[in-house]
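Before any comments, here is the structure.
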Amino acid sequence: MKASRWNEAIFFVGGSLLLSVVGGVWLSTSTPYGMGLVNDSAVYIGGARSLLAGNGYMRLSGDLGLKPITHFPPLFSLTLMLAALVSQSDPLLAARWLMPLLFGLNISLLGGWVYLMTRRRDLALLASALWAFSDWGLNLHTYVLSEPLFLTFFLLAFITWLAYQHQPRPYWAGLNGFLASLAYLTRYAGATLLATFGLLLLGYAWREQRRWKDLRRWLIGALPLPALWTLYTWRVGEGVGNRQIAWHPIPLDTLRHGLQNSLNALAPDWLIRLFPPLGSLFSALGLLASLGLVIGIGLGVWRVCRQPKAVFPQWLAPVLFGGNYWGFLVLSISLLDASTPLDDRVLGPLYLTLLALSLVGLGWLLRYPGRWLRLIALIGVVVGVPLLMGDGVMRGQALRQEGLGFAHREVQTTRLWDLLRQYPAGKYVYSDRPAAIHLYAERPCLPLPAPVDPVQARFRPDYEADLAEMKARIRAGQAILVLFDLHRSGDAAYLGEITADLGDPQMVDFVWVYGVLR
């Protein structure tokens, strides 16, 4: 009997490690031009470069100086810096192996989380395989962004919570709080993890006097680092996290798009593209499944409340997190940043939670005494798994064609970067892609004057003055205007307003440059 269990354990660990390696290699081979780069990537990489240079957690500002980074927590840039030190390379190059490493680690951690909730190794391996070959699992790890590291701490926090439920010791509570605080220092959305586990421990302490000690230990692990970072951002920024609070309620279209993405999270996108009406069908099925989940959760909570000594069910923590995360997104968009899209990147933690809960539900169905229900569940797995994995395979093939964002082959190989490095340091550069210039030319760059602030969703009263100042600098030979995408965006009115009276542009590959580039 013991030999059989050892064999099962070895098979599980070996299978999990194999899936991790395959997932990491799959991501690496799917991105031959390097990991994807967007505006936020430039901030993280710039922060890591600044740390390596001994300047602290700083960024290049458009006015030719360095400014503290407070809009983004520091842990991902610190991780990039450490990866660069280990590999003796630039953080941009270090990300080339760091992101596949995080993907492989997260694949194994997801399997471990599902195993602890279901006690079934087959379902744990299925969870790892689904994520390793899902399109959204791949998408979350293809960009040099903080989400993969956040998911690492997210999964570790849930694993330590299950360990605490199994063996309620203060050290598990303290470790859980510490991991949740590291998630917060990776992404501000980590506040939802702090709220989730803090509420659960408060519920335990309310019911059992001895749990107050565990709650105190959790607070000791959870609060110091976020408090120190908050104090720092308040001291050096214009507010906590450099965020300005203003009421701009989340648009209904944004909310609808986010809900639709959530309902279709586990639907095969390639099949929907072939047969568009299936999108509505999958949304309806997702809605029905969500309603069933809400009813089941309500019944479970009711049973727990009726039995004061009962242990909280294992699914309660991820469910509570899902509710907290949705509330956080709605409040964040309504009060802090109206430009936040509810896409795969932002909804990734919800997708992961949904996948884990789906496998917990599948485990319950497979244990259910009804033969037909088990048969339906098995047929669903046999049919559904290849369909879902097909998305990841097709996404990986598409990624190989060109680089993502600023890692696009056309952007990486342009002659513009050498010209910008030779451009006098005391002169200004304006661009519709300042982050790309920060990243490749490693010089300050100002964004284009814009009539509307996308974060606050309000008109900028100083737009006309900023536009006039930019044009005056360009005409005086003190600045240049570099356009990557605006002339291809179709926004002819804004393009005409920005470039009026500046003369004809100089063409550098696919880039338009106004002013004297020397």
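Positions of Cβ are set from backbone N, Cα and C atoms, glycine also.
Per TrEMBL, the stretch carrying the note transmembrane segment among 9-27, 123-141 is 9-27.
Most Cβ pairs under 8 A with the transmembrane segment (315-336) among the ranges 9-27, 97-116, 148-164, 185-206, 218-234 are made by 185-206. Long-range neighbours of the transmembrane segment (218-234) within the same chain, counting only residues 6 or more positions beyond its ends whose Cβ lies under 8 Å from a Cβ of the stretch, are 70, 73-74, 173-178, 180-182, 184-185, 194, 197-198, 201, 240-242. Here the transmembrane segment (97-116) does not lie next to the transmembrane segment (185-206) in space: the count of CB pairs under 8 Å, restricted to residues six or more apart, is fewer than 3.
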